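Reviewing the structure listed below.
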Amino acid sequence: MSGISVFDWVIIAAYFIGTIVIGQMATKKVHTTEDYLIGGGKVGKFQSAVSTAAADIGGSSLVGAAGLSYSLGIAGGWWNLCAVPAWIILGVTMAGGFRKLALTTVPELLEKRYDEKTRIITAIASLLNNALGITAQIIVAALAFTTLTGIPKEYTLIVSTAVFVLYTAAGGLLAVIWTDIMHYMVLMGGVLLAVLIGIPKAGGWSHIVSTVPSSYWDIGAMGWSDPLGWIALCFFSYATNQAYIQRLFAAKDESTARFAYLYTGVNYIFYAAIVSIIGIIAFVIAPGLEDTEMALPTVITQVLPIGVKGLLLAAILSATMNCASSALNSSTAIFSIDLYKRFYNKDVDDQKLLWASRVATVCIAVISLVASYLIQSVVEVIVLANLVCGAGTFFPIILGMYNRRVNAYGGLWAVIIGSVVAVAGNYLWYGKIGGLLGAVHPMIIGSIVSLVVLLVVSYLTPPPPKEKLEFLDSLNLTVEEIENRVRQA
């Protein structure tokens, strides 16, 4: 099924080389750990917006969503549309406040609001979450490459990992941002070309409309339970995941942080429509696929001309590398700031910390690569990664920013119990027993339990000390005032 010409290989090779070159160029601007981890906190609107959008468009949003649309029609677009409410609402309500904090990591925020125990627990959970996320993206990239080229998976795993590690380890978040911009352009251009070329190849739009079942044009064809659950999961992820929050800390000001989230939400509307059409085109030209996730590879091999095949394969790799490099850099930030500097070497100088961050980047990538050889189910990896961190930390973060009564006791136990319930629910009762408990996603159950624990424990124990409330008051200061306080401290 390869069908990949020499010219396609040239395009793919040029893409790899271009990615590495751009990443290495960004390295020249990295002089401090702050540059490496959050781009010096000076990233502009265009870079923030495009990089944030690219960071969330992974292999599942492309290959998986096209496969879902192959089976269901435009209703499969919910896999991507479910992200829109979360990005827009959090962009309006939360993004600016996060930028005001002038921090580097989410666990750092939780120590300032609660205590160091909460920070340690969250840091470890976040590291596991991101490492599993990297593993999933490595597997998706390798499977796509293997399917389309015939190269054994054992080799494509290494190649796909090596490319994003080369630029991420060298240039940190700045390299990730600038390569994200390249990846984003290739990805959006590639999928748009696939639609523009695919529609005529499938017989034209009128033929497509008359060929597919009428249900393929019903946005509610899959019901509303799954889309509503996915929307909830997106809120948990975008409000707690270091890979996204790190973009807010890196933004040059509050307006930039808000714009990045809002742009990503709007972008998903167009992206969801384009990917859904690709899945429908695949249904018309190749009905009866046993594996629906072969919808996009089918369009690539049967519809696209030489050259465009290479571009769209590069787009698939773009989608996975966007997510993988973002997760890798965010893992490095958590290890370096929340574990190494905070608990192992508090007095480390900045250049040594920068060196340690680069070493940590490579080590985390190697661990994820090894895991990719051992893990079989990509879906299982993604689900576990989200459950480990999101359910327990969502309400401690959100209420911690606005409620003056929640305290360290409530925050710590909410994180622990919420996460344990979510993971346990996924394996013990979700989809395995009848009734509401077996039907509701464990992420939602875990987060509700976390909320109850946070409030009950907090109100049964003494209120937080004055210094924790002063941290809340800092949300009403300007970014410049906060940064001045940090420098004075």
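Placed from the backbone N, Cα and C atoms, the Cβ positions cover glycine too.
Bear in mind that TrEMBL entries carry predicted annotations, made automatically and left uncurated.
Residues annotated as transmembrane segment in TrEMBL: 6-27 (among others).
Summarising the annotation, TrEMBL assigns transmembrane segment to 78-99 (among others).
What TrEMBL lists as transmembrane segment is 120-145 (among others). Panel annotation: around the transmembrane segment (120-145), residues 58-60, 63, 105-107, 110, 151, 153, 156-157, 159-161, 241-243, 297, 313, 316-317, 320-321, 323-324, 327-328, 330-331, 334-335, 338-339, 343, 364-365, 367-369, 371-372, 375, 378, 381-382, 384-386, 388-390, 392-393, 412, 415-416, 419 of the same chain, lying at least six beyond its termini, place a Cβ under 8 Å from a Cβ of the stretch.
What TrEMBL lists as transmembrane segment is 157-178 (among others). If one looks beyond the transmembrane segment (157-178) by at least 6 residues along the same chain, the residues whose Cβ comes under 8 Å of a Cβ in the stretch are 16, 19-20, 22-27, 29-30, 35-40, 43, 47-48, 51, 138-139, 141-142, 145, 246, 250, 317, 320-321, 324-326, 328-329, 332, 357-358, 361-362, 365, 368-369, 372-373.
The transmembrane segment annotation in TrEMBL covers 185-208 (among others).
Among the features that TrEMBL reports, transmembrane segment is placed at 228-245 (among others).
Annotated transmembrane segment per TrEMBL: 266-286 (among others), in sequence order. Within the chain carrying the transmembrane segment (266-286), a Cβ under 8 angstroms from the stretch's Cβ atoms is held by residues 53, 57, 61-62, 65-71, 73-74, 76-81, 83-84, 87-88, 188, 191-192, 194-195, 198-199, 201-203, 207-208, 211-212, 216, 295-296, 298-299, 302-303, all 6 or more beyond its ends.
Look at TrEMBL and you will find 306-335 (among others) tagged as transmembrane segment. Outside the transmembrane segment (306-335) by six or more residues, the chain places 3-5, 7-12, 15, 19, 37-38, 54-59, 61-63, 104-107, 123, 126-127, 130-131, 133-134, 137-138, 140-141, 144-145, 148, 160-161, 163-165, 167-168, 172-173, 175-176, 179-180, 182-184, 186-187, 189-191, 193-194, 197, 241-243, 246, 296, 299-300, 357, 360-361, 364-365, 368 with a CB less than 8 A from a CB of the stretch.
For 355-375 (among others), the entry in TrEMBL reads transmembrane segment.
The transmembrane segment annotation in TrEMBL covers 381-402 (among others).
What TrEMBL lists as transmembrane segment is 409-430 (among others).
Sequence annotations record features per position, and here TrEMBL assigns transmembrane segment to 436-460 (among others). Long-range contacts of the transmembrane segment (436-460) within its own chain (CB-CB distance under 8 A, at least 6 residues past either end) are made by residues 225, 229, 232-233, 236, 386-387, 390-396, 399, 405-407, 409-411, 413-415, 417-426, 429-430.
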Non-local residues, at least 6 beyond the ends, that sit with Cβ under 8 Å of the transmembrane segment (228-245): 52, 55-56, 78-79, 82-83, 85-87, 89-90, 94, 98, 105-106, 126, 129-130, 133, 261, 323, 326-327, 329-331, 333-334, 386, 389-391, 393-394, 397-398, 440-441, 443-444, 447
Residues from the same chain, set at least six apart from the ends of the transmembrane segment (6-27), whose C-beta lies under 8 A from its own: 163-164, 166-168, 170-171, 174-175, 177-179, 182-183, 186, 306-307, 309-311, 313-314, 317-318, 321
For the transmembrane segment (381-402), distant same-chain residues with Cβ under 8 A (at least six beyond the ends): 60, 94, 97, 106, 109-110, 113-114, 118, 122, 125-126, 128-130, 132-133, 135-136, 139, 233, 235-237, 239-241, 375, 410-411, 414-423, 426, 442-443, 445-447, 450-451, 454-455, 472, 475
